[in-house]
Amino acid sequence: HANGKSQTSVCLKGSLGPHAHLWKLDGEIWGSMDSLAGLVLCGVSLLLSGTVDSAMDLILINSLPLVSDAETSLTCIASGWRPHEPITIGRDFEALMNQHQDPLEVTQDMTREWAKKVVWKREKASKINGAYFCEGRVRGEAIRIRTMKMRQQASFLPATLTMTVDRGDNVNISFKKVLIKEEDAVIYKNGSFIHSVPRHEVPDILEVHLPHAQPQDAGVYSARYIGGNLFTSAFTRLIVRRCEAQKWGPECNRVCTECKNNGVCHEDTGECICPPGFMGKTCEKACELHTFGRTCKERCSGPEGCKSYVFCLPDPYGCSCATGWQGLQCNEACQPGYYGPDCRLSCRCTHGELCDRFQGCLCSPERQGLQCEKEGTPRMIPKIEDLPDHIEVNSGKFNPICKASGWPLPANEEMTLVKPDGTVLHPKDFNLTSHLSVATFTIHRILPPDSGVWVCSVNTVAGMVEKPFNISVKVLPEPLNAPNVIDTGHNFAVINISSEPYFGDGPIKSKKLLYKPVNHYEAWRHIQVTNEIVTLNYLEPRTEYELCVQLVRRGEGGEGHPGPVRRFTTASIGLPPPRGLILLPKSQTTLNLTWQPIFPISEDDFYVEVERRSVQMNSDQQNIKVPGNLTSVLLNNLHPREQYIVRARVNTKAQGEWSEDLIAWTLSDILPPQPENIRISNITDSTATPAMISWTILDGYSISSIIIRYKVQGKNEDQHIDVKIKNATITQYQLKGLEPETAYQVDIFAENNIGSSNPTFSHELMTLPKSQAPADLGGGKMLLIAILGSAGMTCLTVLLAFLIMLQLKRANVQRRMAQAFQNREEPAVQFNSGTLALNRKAK
């Protein structure tokens, strides 16, 4: 597995750091090895087991390796890969030390996303000869592909650009003589002389014989006449596999998969390196025309496809033409009956099928195999299913899933997941259904540096497919500040959770407030909170608590590490608030607060704390301490016409409980404004002509009464009638005893401590005509109804009075019984009914 680290997110006593990391392999902790060789072997075994591998589809295209007067180039392609470090092209001085030293002009290949290119114009042909490499890096390790370029006018030409053999093979490296000179022929390996042939013995085919080849025999071999130089030399590169034929592994004791179509078994992984134009686990699947790469996604853009392109792959494959082409310049088509890279494969189709020089035998749908020798369901290239293009995950444990279809269905070992750094992960869990293979991978701890393009890869005998997808790893949020304790009581605490600012990524989905007693071995309790201010209830008095905040972002595993811890202590059980609190205005700048006497219950001193604050001015707040033997306090230095909120509590060594809020205005310093929204309306009455008057008044002007003044229009001012309503909360009044069909002038005043308001205008009232007496018809019936109604109301009144007296009598008896019981049980020091009740009261 890529990472075995884990971190426990637990809110502890001031220590919130990660736990120690533990690396494990297959459930066992690896200790020290007995020897360095054993340690190396263990590491190689780990690499080869598939737990952690490197993966990069790196290809080097050598256009026209035999240089003449035409333009030539090298193109290095990271097919389907997005390396963290740039790929490079350089001169291979390890193979040829005496080649040109000039740096190469490496540019971006604009036709591909991840490719570099070097182009030599015709005028620079003299500086081309030499050895080159293309290099990509995965997790700090280099993957290097080598190739050569030489002059077409060289005295000798190699049979092939590269030659791959197994350890122990008998090898003949051959060079064809193309120019006859009366000079000795010399052969070099990596620039060092190894052999010469006298001039009269130089054959048409100059050979270097290596019996029982070993890895140390690998290198670049060159041939020329003794009077020649680098520009007249021919090069070929010998690649010797570390293992014998069809073997691989650290000790070369494992059997290779049979690689078809001239694929080469890698001695370290046992996997087939497929030649350009073929893909799949065994290289049996041919690509579409003019395509190449591990998944056949790359395409040759030339007018004749991949003609004149030499493809070089990582060792031990070496270089070859694309399928369908042969020759040192890869510009010769295969002869009929032959196909594949360098045209080295013969078709031999079983049932006379057509032989295509690019793909081989073209089998009918019901047949398969290289020679169409097998019957059965045709193979289907695997297809990756249900994989989104972008996945957002939270740092921590991650279990990605790859699903694939195809025929045959992919097996466990045929599905892999490639991280952005090139690490290859193999499935932790695998399920096979009738039409789908489902591989589940496990990353024990995914981190933001793992963000990037991941690749789900499936490689079967039917072909290979890769699906890149982007993973964005989010940092789990963690508050930077500890929560603040705003207020505490004996059983509650008011907390500002201080969830912002926070470290990590949002958006925040939910917030948790974690808390527990410090000295108790209890698990952390938590509550979900939505607001910044939250009240913790049901706490124990005189107990030290610690608390912290945990933020949760969207997605699985979105719970971040809890933030810093805050400690606080709840108060002792406090006294109840004073009884009988009354708040009244005293003057324009004072309010008077009174309460019933408080009698002490212990030797502890106590006092009354009074808090007053202005409604209009939030910053205007004052707390006053009043000796416990007083029953009132004068709140001074207030503002006229301002509303204040006042509350009080009784404190000893512990703070008591606050009373309910009392609200009052200070007296006004100006005359009150006129009542507003005055409405006058007539009321129909059979015996009189009353009128209804309603109004509204403004708050804050200490209005104590409303005066209604009315008189018959046209009469003297001193003949008016005043009605004074001393309850300012009354907002309507009914005028009675008015004359019918008479015009009245009505004025309304508001009165406060300064005086009366000044009306701007008078209101006119015209009473209705007097109603006619009802007709005699039916008068007796109406009288009967009135008598019966009066008798019914009298009965109801008597019954209600009886019930009230009965209830009062019952309450009196119960009170006397309770008083008698109390006189028998309570101690000598007693309190009358006006004393302070000391029972604990939960806030």
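Cβ atoms here come from the backbone N, Cα and C positions, even for glycine.
Note that TrEMBL annotation is computational and uncurated.
The record in TrEMBL pairs CYS283 in a disulfide bond with CYS274, which is drawn from CYS274, CYS287. Look at the disulfide-bonded residues CYS274, CYS283 and count other Cβ atoms within 10 Å of each Cβ; CYS283 has the fewest. Helix, strand and coil content of the domain 'Fibronectin type-III' (674-770), in residues and according to DSSP, is 3 helix, 44 strand, 50 coil. Here the domain 'EGF-like' (248-284) has Cβ contacts under 8 Å with residues 41, 44-45, 47-48, 53, 59, 164, 167, 241-242, 291-296, 306, 311, 313-314, 316-318, 320-324, 340-342, 344-345, 358-360, 370, 414, 459-464 of the same chain, all six or more residues outside its ends. Helix, strand and coil residue tallies for the domain 'Fibronectin type-III' (476-573), in that order: 0 helix, 47 strand, 51 coil [DSSP]. Under DSSP, residues within the domain 'Fibronectin type-III' (577-669) fall into helix, strand and coil as 0 helix, 40 strand, 53 coil. Per-residue confidence over the domain 'Ig-like' (382-472) averages out at a pLDDT of 90. In three-state terms derived from DSSP, CYS283 (disulfide bond) belongs to neither a helical nor a strand segment and is classed as coil.
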